Ligand code: P6P
């Protein structure tokens, strides 16, 4: 069968071989994410028509006003994963603590945990701008058959088994990796099927797009200020183009296709950066590196960071390999 006509379901079965001794659990897990993504996609696309936009009237642990769609997306992914008893634990941006999945006989024989941002960029929903779901999958490190502990979630990004995102944009795509490259699937909404539309996605080594909230410029570290001035100088193939959607998944997805770098540095408002290590930076870093790009905190690989807290934040520089390298060069001048 021609690659591009392959459905996500067929692709998952075919790639099952990548996991020689797999019990099919990971395939079932990715299939359940596919199902939940379709349900959320349906609601996101209705946002302007039904009472599903606007604030939910509560705040999450981050102190952010939960949007109704945030809660809907979180409930949808949680229920889909819990009802299928495919994982032994789940952590979400929307939940203060991780959830332990109890099996029928209270056992926890599943070996995977999932961390996710069910609807990233949700402040964009009311203005009809792309939003996304981000997920990260690890093998548990505590004994199978026991309740999960925080140690199962506080693993460095290099230990990820799989990671990916759903972008609810002009079309809805699911992009994921299991450590064997990155593949993108586009949803045909007429029949509710994801088709392989972007096989073997590659981050261009170079690019001419930089994505940052320049409104925070005065608060950035000097290395970032110097890098941004470098991007804007009339030299060689510069000035670059500034493109910032304010939705991590959308900005990185565009940069992966066109070439570019996304920066969320520290600032006085976000002394550790804004993005969360476990369910935003690590999964996007896994995708970026598998596609030949780079993901850094400005000094070293994101996926080498040993997490200390579930919702910890880190500075995030992610995109075309040579562009992240150049940003790190400017950062290194001030160490
Ligand atoms: P700012 C959305 O809230 C998010 O987590 C990312 O999706 C996005 O890139 C970033 O924050 C936008 O943050 O401070 O520029 O509005």
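Placed from the backbone N, Cα and C atoms, the Cβ positions cover glycine too.
Unlike curated records, TrEMBL annotations are generated automatically.
TrEMBL names 120, 121, 122, 123, 213, 244, 262, 263, 264 as substrate ligands; from the candidate set 111, 225, 274, the record adds 274 to that same site.
Binding of Mg(2+) 2 is annotated in TrEMBL for 117, 120; the matching candidate from 236, 280, 289 at the same site is 280. Site annotation for Mg(2+) 1 in TrEMBL covers 117, 119, and the matching candidate from 85, 93 is 93.
Neighbours of the Mg(2+) 1 site: apart from 93, 117, 119, residues of the same chain with C-beta atoms within 8 angstroms of the site's C-beta centroid are 70, 73, 74, 92, 94, 116, 118, 120, 122, 133, 134, 279, 280. Spacing of residue 280 (Mg(2+) 2 binding site) relative to residue 119 (Mg(2+) 1 binding site) is 11 Å (Cα to Cα, whole number). Confidence over the domain 'Fructose-1-6-bisphosphatase class 1 C-terminal' (204-331), given as mean pLDDT on the 0 to 100 scale, stands at 97.
For residue 93 (Mg(2+) 1 binding site) paired with residue 213 (substrate binding site), the C-alpha to C-alpha distance reads 22 Å.
Within 10 Å of the C-beta of residue 119 (Mg(2+) 1 binding site) we count 30 further C-beta atoms, all protein chains included. Fewest Cβ neighbours within 10 Å among the binding-site residues 122, 213: this applies to 213.
Residues listed for substrate, 120, 121, 122, 123, 213, 244, 262, 263, 264, 274, cover a largest CA to CA span of 19 Å.
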